[in-house]
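J.: Sharing a structure here in structure tokens format.
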């Protein structure tokens, strides 16, 4: 079929001819096998057996290839999946017109909306790296040219399902092609291909070839170290360091990608060896230890990982508080229960004392609310989710300063924006109650050492808290919500309209009659830089911010945050996890200073 498409614009003319032959008065018959349209970036049928509808003019079911078809690989739900920019045409046929050179400056590479591109039967001897800009391509035909190599950047086109390079002069393939995890058909006939590659594709088909290239390719160079971004001047930093009453805390938040979720089906672009838990867990542990943070807030850690690995390897400096998601309580099979993921908070034992720990189960809290009990939406949408938050009430052993550290993992699916909002609103309400109760506890007496002596007296008396808002608060976690979401708006502003679009016209008692509100005065640590939120999640269908470290601005100030991953590195990486990043999420770290009463800003030394 491809070889018969040598004439200029063969596919475009064939499609035009087919369109003209359709009687105008004909009634359109819906395809019963076609999935329903996408909602919120997620296809109505995301099952592995979904029928793939090819771009207009593609060969569809009769691929001239030596390879076999494979089912599309499902994608982990993200706030938004990869969708091409809106355009009234998405296919371009430049085949058979004797193009000899495709310059890097070609306007073709500005057509980022393209889904189908035919460059077959020209006289091209190379394809420029800028091909990587066409990220939405699902079909690319480069057959019948004079290509002796393919650009490594081709591996960035992770939406490709059909790639044809018939009748060129290719003897090998770049290992980066192994990132094309959605590729169903790879046409390579008519090339002097390396015997190993040719045998592999002829015997086992496209999936085997892609896996081989992915798993045997060289490890790319690591990115530069992430650098700290300081919000204080050097004078202010020195003043803090010299002030005996200054208190700083550092907080890490990290979704480590639970072992059971790290499958080839979901992360087909990741080398198999880099997806193994034994490889990833060491990188994760090294990252946690290297941070030297006072508090480690970790999401997607299962029971076995917590008990058998992280607790043991962090025990020298940290003590952990952990809870799996709610469903673990109802599971009879102990082996299965150990693979339920949850949230953990590790704190530095040398400096902090755990006063109390609290578990917030959103579904259980929702059940207790009077205004939710008669709501069908609550039963149908919220109560079936088992997401949680872990809250630690802490005291500094030396100063008596109290801290509230909350770690949460909010529901992920973009079709449940209302559930995310409800879970976060419930979380904030519970934290407010916990904080108010914590403020009523009397200051603890000086700690006694084992030899009978007491701790040295602090340089200032232990603080007294008139209410919960006076206690320094951190709410960290994976919120699965972008900065433009209702979740972000609510946490950042303290209020949200009752008819906010993210409630999706569902009914949730007072939240949708009056609007949720809080008075915690929260702000995202990374937003303090004034340049927007950084990238925290990097996969082929989604690159954006969904992880945050929120802090109470009345009694905490940001000293510094760990900067972003190098942008030049990210431009060459399909997605995480990979050899250098063990999770699809990027670790977030921030350092804060405690604002004591009458001390709302760091003092500068007098001249």
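Each residue, glycine too, has its Cβ placed from N, Cα and C.
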J.: Using TrEMBL as the reference, determine which range in 408-437, 438-467, 468-497, 498-527 is annotated region 'Disordered'.
T.: 438-467
J.: Across the whole of the domain 'Endonuclease/exonuclease/phosphatase' (438-585), what does the mean pLDDT come to? Round it, please.
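T.: Average per-residue pLDDT within the domain 'Endonuclease/exonuclease/phosphatase' (438-585): 91.
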J.: Mind tallying the domain 'Endonuclease/exonuclease/phosphatase' (438-585) by DSSP state, helix then strand then coil?
T.: 30 helix, 33 strand, 85 coil
J.: Looking only at residues six or more beyond either end of the compositional bias 'Basic residues' (1-13), which have a C-beta under 8 A from one in the stretch?
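T.: Tertiary neighbours of the compositional bias 'Basic residues' (1-13) are 57, 59, 62, 64, 91, 93-97, 118, 120-121, 141, 143-144, 164, 166-167, 187.
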